[in-house]
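What Swiss-Prot lists as Na(+) binding site is GLY99, THR102, and the listing cites sequence analysis. For 23-43, 61-81, 92-112, 120-140, the entry in Swiss-Prot reads transmembrane segment.
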Amino acid sequence: MHEAPRGFLEGEALRPRPFRAGLGHLGWIFAGGALGAAARLAVEGAARRLAPAAYEAFPWGTLAANAAGSFLIAIFGTLIFERFVGERARAFWVLGFLGSLTTFSSYALHTLRGWEASPLLGGLYGGGSLLLGLLAALAGLRLTRRLL
(Lines of atoms letter the chains of each structure in order from A and count residues from 1; the text may use other names and numbers.)
(Lines give C-alpha, C1' and ligand atoms only; values in the text may rest on other atoms or scores of the structure.)
Protein backbone atom coordinates (compact mmCIF):
# COMPACT_ATOMS: atom_id res chain seq x y z
CA MET A 1 0.00 0.00 0.00
CA HIS A 2 1.29 3.47 -0.88
CA GLU A 3 1.83 5.81 2.04
CA ALA A 4 1.12 9.44 1.19
CA PRO A 5 3.49 12.11 2.48
CA ARG A 6 2.27 13.94 5.59
CA GLY A 7 2.56 17.50 4.31
CA PHE A 8 0.85 18.90 1.24
CA LEU A 9 4.05 19.12 -0.79
CA GLU A 10 6.22 17.06 1.53
CA GLY A 11 8.25 14.42 -0.22
CA GLU A 12 9.02 13.94 -3.86
CA ALA A 13 5.75 12.14 -4.63
CA LEU A 14 3.61 15.26 -4.49
CA ARG A 15 6.02 17.73 -6.06
CA PRO A 16 4.81 18.15 -9.62
CA ARG A 17 7.46 17.94 -12.27
CA PRO A 18 7.70 21.15 -14.26
CA PHE A 19 5.58 20.98 -17.36
CA ARG A 20 7.78 21.72 -20.34
CA ALA A 21 5.05 22.60 -22.79
CA GLY A 22 6.03 23.99 -26.11
CA LEU A 23 4.22 24.87 -29.28
CA GLY A 24 4.27 21.18 -30.19
CA HIS A 25 2.00 20.47 -27.23
CA LEU A 26 -0.72 22.86 -28.39
CA GLY A 27 -2.19 20.29 -30.76
CA TRP A 28 -2.49 17.79 -27.90
CA ILE A 29 -4.13 20.42 -25.70
CA PHE A 30 -6.54 21.45 -28.48
CA ALA A 31 -7.47 17.83 -29.24
CA GLY A 32 -8.04 17.03 -25.57
CA GLY A 33 -9.98 20.27 -25.15
CA ALA A 34 -12.26 19.45 -28.06
CA LEU A 35 -13.03 16.00 -26.64
CA GLY A 36 -13.50 17.43 -23.13
CA ALA A 37 -15.94 20.03 -24.44
CA ALA A 38 -17.83 17.32 -26.34
CA ALA A 39 -17.95 15.20 -23.18
CA ARG A 40 -19.25 18.19 -21.23
CA LEU A 41 -22.00 18.72 -23.81
CA ALA A 42 -22.89 15.00 -23.62
CA VAL A 43 -23.12 15.11 -19.81
CA GLU A 44 -25.34 18.21 -19.94
CA GLY A 45 -27.54 16.60 -22.60
CA ALA A 46 -27.86 13.38 -20.61
CA ALA A 47 -28.83 15.30 -17.47
CA ARG A 48 -31.48 17.22 -19.41
CA ARG A 49 -32.90 14.04 -21.02
CA LEU A 50 -32.88 11.92 -17.85
CA ALA A 51 -34.65 14.45 -15.64
CA PRO A 52 -35.93 17.49 -17.56
CA ALA A 53 -37.82 19.07 -14.64
CA ALA A 54 -34.95 18.51 -12.21
CA TYR A 55 -32.47 19.85 -14.77
CA GLU A 56 -34.34 23.15 -14.96
CA ALA A 57 -34.40 23.48 -11.16
CA PHE A 58 -30.82 22.40 -10.42
CA PRO A 59 -27.58 22.32 -12.48
CA TRP A 60 -27.15 18.52 -12.37
CA GLY A 61 -25.07 18.45 -15.54
CA THR A 62 -22.43 20.79 -14.13
CA LEU A 63 -22.40 18.87 -10.85
CA ALA A 64 -21.91 15.54 -12.67
CA ALA A 65 -19.21 16.91 -15.00
CA ASN A 66 -17.28 18.45 -12.11
CA ALA A 67 -17.52 15.27 -9.99
CA ALA A 68 -16.35 13.11 -12.91
CA GLY A 69 -13.56 15.59 -13.63
CA SER A 70 -12.48 15.54 -9.97
CA PHE A 71 -12.30 11.75 -10.05
CA LEU A 72 -10.32 11.73 -13.30
CA ILE A 73 -7.95 14.56 -12.31
CA ALA A 74 -7.05 12.60 -9.18
CA ILE A 75 -6.23 9.56 -11.31
CA PHE A 76 -4.08 11.56 -13.74
CA GLY A 77 -2.61 13.67 -10.94
CA THR A 78 -1.54 10.54 -9.12
CA LEU A 79 -0.01 9.12 -12.28
CA ILE A 80 1.77 12.41 -13.02
CA PHE A 81 3.10 12.99 -9.50
CA GLU A 82 3.83 9.39 -8.51
CA ARG A 83 4.61 7.71 -11.81
CA PHE A 84 5.89 8.94 -15.11
CA VAL A 85 3.30 10.21 -17.52
CA GLY A 86 4.60 11.78 -20.70
CA GLU A 87 4.22 15.44 -21.46
CA ARG A 88 1.87 14.76 -24.37
CA ALA A 89 -0.48 12.71 -22.19
CA ARG A 90 -0.37 15.41 -19.54
CA ALA A 91 -1.15 18.10 -22.12
CA PHE A 92 -3.98 16.07 -23.69
CA TRP A 93 -5.71 14.74 -20.55
CA VAL A 94 -5.09 17.34 -17.84
CA LEU A 95 -4.84 20.64 -19.68
CA GLY A 96 -7.07 19.76 -22.64
CA PHE A 97 -9.72 17.17 -21.81
CA LEU A 98 -10.25 17.82 -18.10
CA GLY A 99 -9.78 21.56 -18.51
CA SER A 100 -12.73 21.58 -20.91
CA LEU A 101 -14.86 19.02 -19.07
CA THR A 102 -14.84 20.83 -15.73
CA THR A 103 -15.52 24.50 -15.28
CA PHE A 104 -15.09 26.39 -12.05
CA SER A 105 -16.71 29.43 -13.63
CA SER A 106 -19.93 27.47 -14.29
CA TYR A 107 -19.84 26.19 -10.71
CA ALA A 108 -19.54 29.75 -9.39
CA LEU A 109 -22.33 31.04 -11.63
CA HIS A 110 -24.72 28.20 -10.75
CA THR A 111 -23.98 28.63 -7.05
CA LEU A 112 -24.69 32.38 -7.17
CA ARG A 113 -27.85 32.00 -9.26
CA GLY A 114 -29.07 29.24 -6.96
CA TRP A 115 -28.32 31.45 -3.95
CA GLU A 116 -30.35 34.28 -5.47
CA ALA A 117 -33.31 31.95 -6.02
CA SER A 118 -32.94 30.23 -2.65
CA PRO A 119 -30.00 30.51 -0.23
CA LEU A 120 -30.67 26.91 0.77
CA LEU A 121 -30.54 25.67 -2.84
CA GLY A 122 -27.43 27.72 -3.63
CA GLY A 123 -25.73 26.55 -0.45
CA LEU A 124 -26.61 22.93 -1.11
CA TYR A 125 -25.27 23.13 -4.65
CA GLY A 126 -22.10 25.02 -3.72
CA GLY A 127 -21.30 22.89 -0.69
CA GLY A 128 -22.46 19.67 -2.31
CA SER A 129 -20.32 20.28 -5.40
CA LEU A 130 -17.26 20.92 -3.28
CA LEU A 131 -17.86 17.86 -1.10
CA LEU A 132 -18.67 15.59 -4.05
CA GLY A 133 -15.62 16.85 -5.95
CA LEU A 134 -13.32 16.17 -3.00
CA LEU A 135 -14.82 12.72 -2.41
CA ALA A 136 -14.52 11.87 -6.11
CA ALA A 137 -10.89 13.03 -6.15
CA LEU A 138 -10.16 10.96 -3.04
CA ALA A 139 -11.76 7.91 -4.69
CA GLY A 140 -9.67 8.45 -7.83
CA LEU A 141 -6.48 8.83 -5.81
CA ARG A 142 -7.10 5.69 -3.76
CA LEU A 143 -8.18 3.63 -6.77
CA THR A 144 -5.08 4.62 -8.74
CA ARG A 145 -2.72 3.92 -5.84
CA ARG A 146 -4.36 0.55 -5.29
CA LEU A 147 -3.92 -0.35 -8.95
CA LEU A 148 -0.31 0.83 -9.04
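Note that Cβ sites are derived from N, Cα and C of the backbone, with glycine treated the same way.
Listed by sequence, the residues of this chain that lie at least six past the ends of the transmembrane segment (92-112) yet keep a Cβ under 8 A from its Cβ atoms are 21, 28-37, 39-40, 43, 59, 62, 65-66, 68-70, 72-73, 76-77, 80, 122, 125-126, 129. Ranking the binding-site residues GLY99, THR102 by C-beta neighbours within 10 Å puts THR102 at the top. Residues 58-59, 62-63, 66-75, 78, 107, 110-114 of the same chain lie 6+ residues outside the transmembrane segment (120-140) yet bring a C-beta within less than 8 angstroms of a C-beta in it. The secondary structure of THR102 (Na(+) binding site), as reduced to three states from DSSP, is coil rather than helix or strand.
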